[in-house]
Amino acid sequence: MKVKTKLLGIISILVVSIIGIGGSSVFMISSTVKKNEELKDKMEFQKEIKHIQYELTGLSNDERGFLITRDKEYDEGMKGKADDVLKSLDRVNDLIDEEKYQSNIEDIKTSFTQYRALNQQVVTAYSSNPKKAETIHFGEERTIRKEGVAPAVNKLSDRLDQEVEDLKDEIQGNGKMSQSLIIIVTGISVILGIVLSIMLLKSIMVPLRSINKQLEEIAHGEADLTKKVIVKNKDEFGQLAQSFNSFTHSLTQIVKQISSSSEQVAASSEELSASAEESKSTSEHISRAMQMAADSNVKQSSMTEKSAESITELLDSISSVASNTGNIADLSSSMRDKAEIGSKSVNKMLDQMKFIDKSVDSAGNGLQTLVASTAEISDISSLITTISEQTNLLALNAAIEAARAGEQGKGFAVVAEEVRKLADETNKSANHIQSVVATIQNESIETVNNIKVVQENVSSGIVLSQETTGNFNEILNLVEQVTSQIQEVAAATQQLTSGVEVIQHTVHTLAAGTKETSANTEAVANSSQEQLHSMGEISYAAESLSQLAEELQTVINRFKY
């Protein structure tokens, strides 16, 4: 598998995981906000029903007060409370559009209309016939209130209480489930990203280190050309290892050929030096050994030509080495380009991580809105508590008035006690609502903290991506070092080429001198001094050739082949 394919696979997996986290978070938060809006509406509905209960109780108390004291203020109070009940029923219709509540609302309206009509009859009849007014109040009107209005309101109130509790339980359960889901998905994504990144780095660094070690040994160390780079990967590094092994094999053949040629050059130079000394020592007897000198010159010329041919072959081999070195440099540049592509892909993954970080911030803002809504619910429950306390105070006042009325106020005292109990129950319910709201606020704050944990995990993912980018930069630096070392090998090869060219030039010069000596053999007797001088030059050239051959052999001995 190619390195590029591995990188794209890892990035795709991480991006899919991140999108999954963001999508699930947005879905969960949207669902929670929707449920809270529904809870808010129902609690507002509940508040209006409680208000209707309170006004109905006040209306009944005002009617009893009117019958006892004949105070017109009670009549005005009854009218105001009746209007408040009708307004509350209208607000309830605006708040709730569900058909399941319509029948309850209609029952309350019908019963209250009947109750209000009887209430007005009591007020009208009291001025002319107080006894009739009391009969209506404690008879038919009381029956409608006890069997019609109050049960209808209480039934709807109990139903709303149960639905509010169920909705709160559902919101709490959804919050816990979303928290667990986000933590699990985030943990799996982080672990998967770390494992895949380690696997990718291992598949890159192991073959790269092996190749780099071999190149260092060739450039600065043992120069062992028998070693092979073993890379089982089928990616760019596997291809690079195969190319490198082919290069070392070709280089081994070239070094062997150069070694053989240098040995021949050394042997030829030694023979040439020996011949020159022999010619010099026998220059005084040149006339008697003319034929021997001619034979030696012929042999010397043949050996010089062979040396020239060997050196030419050596020069061609070194040129091939230089060409192969250039190819390796091109491969190193290609490897550097691949690493740069990998670095850009990791940077793209880093941008995706930052996008998810912004999405989690948006989710946190949604939860902050939820906390604000629960605070508003808490204010509403506080208002209910205040109303219940006022009702309790009114009940106390009614009990005092009943005590003052004596025997006639006993029934009114019983009603006042019932009102007080109802106010206490309302106060307890309001306190319970405040407790539940506080629980929701605490859970919301905990969810906000969990989102902060998610943000920290995303930040860790960003840091990990930045570290991966640093590792790619380190790979690029290593590739640059490999390229530099290959360039040093190319420079050394160029120096070797220059040395061989000097040897070639010297051998050609020697060949030319040998031919000239052979051509002038017949005139040696007349120019023995010139021949001695020529033999000195030949001896010097042979020594130079021998020295160059030794230097070439020293360079070759650096390689193990």
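For all residues, glycine too, the Cβ spot is worked out from N, Cα and C.
Residues annotated as region 'Disordered' in Swiss-Prot: 269-302.
DSSP classifies Glu271 (glutamate methyl ester (Glu)) as helix under the three-state reduction. Residue environment of Glu271 (glutamate methyl ester (Glu)) contains 14 other Cβ atoms, counted within 10 Å of its Cβ in all protein chains. Residues or ranges marked as glutamate methyl ester (Glu) in Swiss-Prot (evidence: similarity to another entry): Glu271 (among others).
Summarising the annotation, Swiss-Prot assigns domain 'Methyl-accepting transducer' to 275-511 and lists sequence analysis as the type of evidence.
Look at Swiss-Prot and you will find 277-287 tagged as compositional bias 'Basic and acidic residues'.
What Swiss-Prot lists as glutamate methyl ester (Glu) is Glu530 (among others).
What Swiss-Prot lists as glutamate methyl ester (Glu) is Glu537 (among others), and the listing cites similarity to another entry. Of all Cβ atoms in the shown protein chains, 13 besides its own fall within 10 Å of the Cβ of Glu537 (glutamate methyl ester (Glu)). Annotation note: Glu537 (glutamate methyl ester (Glu)) sits in a helical segment as assigned by DSSP.
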| request: Give the distance between the Cα atoms of Glu271 (glutamate methyl ester (Glu)) and Glu537 (glutamate methyl ester (Glu)), rounded to the nearest whole Å. | output: 15
